[in-house]
């Protein structure tokens, strides 16, 4: 079930969509393992969703390994991708190799994801592929560069910006990524990139013409009522469900109804 060539086959382009979910913990991963989801991403977005930070920048490689190990234990049958966090690969090719090797060896993930499409990143992708590390690319709004962008804004809107992103996507493809995430770019640009590159594109706010989609599990389940970006569809309202369950528990504890005979030894 974890065959990279089956899940992210270029032959799927334009035919069968790929479903990816971002997850950070054992309990949810165990549920995902029972579904038809194609792949799980352990994203450095855990810095915001799980830790409560305002960006992904504080996340460390050790924290990524910790969470990826937990997800792997819960989802042994899924193709598992782990983010390399900020400054774990940007300082040098050697550091990138060490970080990728460390997270793959210690967490048992199947691939790593890195952000950007510069000449340096493409060189790193090429070398990692040569030594046996599958790499997923990430273009558009790359959260590790949020301060450069001036916030979480749609990328690739102007002609110069869109041309640059398209060029980077082709360079990433030629460098050997097996897939690439396209985040918060115009739908038409997402379509164009998907047509130009020979590997599956996974969109998040990049339109319906990408070869697949990714959402954070907590977001699609509706756990955060305050988070509602345009690209997000909430498939449930767990915030209300969880809140009601806790209220019922609180009420029964205080009334003495719980624990009853059925819950006592």
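Each Cβ is built from the backbone N, Cα and C atoms, and glycine gets one as well.
Site annotation (Swiss-Prot): Mg(2+) is bound by 44, 115, and the candidate from 25, 77, 83 recorded at this site is 83.
For residue 115 (Mg(2+) binding site), the same-chain residues lying six or more positions away in sequence with a CB closer than 8 A to its CB are 121, 137, 138, 139, 142, 143, 144, 145.
Each residue in 22, 41, 42, 43, 46, 56, 59, 64, 82, 84, 85, 143 lies on the same chain as 44, 45, 83, 113 and has a C-beta within 8 Å of the C-beta centroid of that 3-methyl-2-oxobutanoate site, without being one of the site residues. Remark: of the recorded positions 44, 83, 183, the most isolated position is 183 (fewest other Cβ atoms within 10 Å of its Cβ). Spacing of residue 113 (3-methyl-2-oxobutanoate binding site) relative to residue 183 (active site, proton acceptor) is 13 Å (Cα to Cα, whole number).
Residue 45 (3-methyl-2-oxobutanoate binding site) and residue 183 (active site, proton acceptor) have their C-alpha atoms 13 Å apart, to the nearest angstrom. For residue 45 (3-methyl-2-oxobutanoate binding site), the Cβ neighbour count at a 10 Å cut-off comes to 21, with all displayed protein chains included.
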